[in-house]
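Take a look at the structure set out below.
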Amino acid sequence: MLEGQIIKALSGFYYVFSEGKVYQCRARGNFRKRNISPLVGDDVEFQIENKTDGYILDVMSRENALVRPPVANIDIAILVFSAVEPDFSTNLADRFLVAIEKEDIKPVICISKMDLASESEKEQIAVYKDIYEAIGYDVFVTNDEPDKEAIKDYISGKTAVIAGQSGVGKSTLLNSLNSDLTLKTAEISNALGRGKHTTRHVELMPIGDGFVADTPGFSSIEWDDLQPETLQFCFPEMEDRRSGCKFRGCMHDNEPNCAVKTAVEANEIAEFRYKHYIQILQELKNRKPRY
């Protein structure tokens with residue numbers, strides 16, 4: 001029995017990467033009875049039949065999983081936003097951060113296209129960078145050519161996804177990370193049958209000692225399962241202060257003696273972050289129930 005990681009799922013086959021090789025595997029029939037559906041990113045136990053084929057015997061417990069794109073065991077999410085074209089939006093950034101925080105995945109902010117920004121725009125981005133770093137987020141600021149070595153070092157030994165709205169430079173970042181790995185990935189590319197006209201599915205691509213999920217279309221924000229009471233846990237700077245609130249169930253909105261609101265008034269929490277928290281909180285409260 002071998003252990004490996006699913007790096008692609010297509011037409012009932014699961015491509016498992018183990019010890020430098022890729023095996024085309026099927027899942028055992030009892031998976032359906034147990035209501036288990038293997039995902040890209042799953043760590044699995046499998047048995048080989050020959051040099052290229054095998055059967056998945058078991059799926060290890062998951063650290064986390066996204067629904068769209070369907071990927072499991074993600075260590076970090078690289079959230080790409082552009083400084084300009086389109087302009088950087090803290091509202092959009094905070095919404096992406098909430099979507100990732102609620103899945104217990106470490107978010108990393110990457111601000112692209114700095115070479116196209118004016119001096120005043122660069123100064124404003126620097127202010128935002130300081131604010132997000134003070135919260136505890138890692139922030140990369142890149143030009144047209146991303147600092148791929150720094151990002152590759154960051155990804156090393158991890159499984160990452162890249163997300164962001166269209167036009168912000170996700171493809172540029174992904175291609176720059178993958179450009180010098182042609183020889184390393186030749187075997188995997190051949191095994192997966194990648195080509196110019198191959199239909200794009202979620203798959204993990206080796207980047208140094210880590211993997212990056214090539215997730216076409218990962219630009220939407222979903223929080224159907226997020227409850228108003230748990231939103232504050234997606235804002236680390238608020239979670240750190242909630243013990244100072246007078247009321248145990250304080251949601252930092254209309255309650256008196258709120259430590260979070262006091263921190264906002266003292267400029268210890270960015271006003272725009274609190275504003276976005278309240279906006280999202282109201283959206284969650286006003287959300288129509290699903291049956």
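Here the Cβ of each residue, glycine as well, is placed from N, Cα and C on the backbone.
As the structure is a computational prediction, the values presented were derived from the model and not from experiment.
Residues or ranges marked as domain 'CP-type G' in Swiss-Prot: 63-221.
Annotation source Swiss-Prot lists GTP binding site at SER112, LYS113, MET114, ASP115, GLY164, GLN165, SER166, GLY167, VAL168, GLY169, LYS170, SER171, THR172, citing sequence analysis. Counting every protein chain shown, the Cβ of LYS170 (GTP binding site) has 24 other Cβ atoms within 10 Å.
Secondary structure at CYS258 (Zn(2+) binding site), taken from DSSP and collapsed to helix, strand or coil, is coil. Counting every protein chain shown, the Cβ of CYS258 (Zn(2+) binding site) has 21 other Cβ atoms within 10 Å. The annotation Zn(2+) binding site is assigned in Swiss-Prot to CYS245, CYS250, HIS252, CYS258 on the grounds of sequence analysis.
In sequence order, ARG242, LYS246, PHE247, MET251, ASP253, GLU255, ASN257, ALA259, VAL260, LYS261 are the same-chain residues whose CB sits within 8 A of the CB centroid of CYS245, CYS250, HIS252, CYS258, the residues recorded for Zn(2+) being left out. Here GLY164 (GTP binding site) is compared against the binding-site residues CYS245, CYS250, HIS252, CYS258, and the shortest C-alpha distance is to HIS252. VAL168 (GTP binding site) has HIS252 as its nearest neighbour among the binding-site residues CYS245, CYS250, HIS252, CYS258, going by CA to CA distance. Cβ neighbour counts within 10 Å, taken over all protein chains shown, single out VAL168 as the most crowded of the binding-site residues MET114, VAL168, CYS250.
Every protein chain considered, the tally of other Cβ atoms within 10 Å of the Cβ of HIS252 (Zn(2+) binding site) stands at 23.
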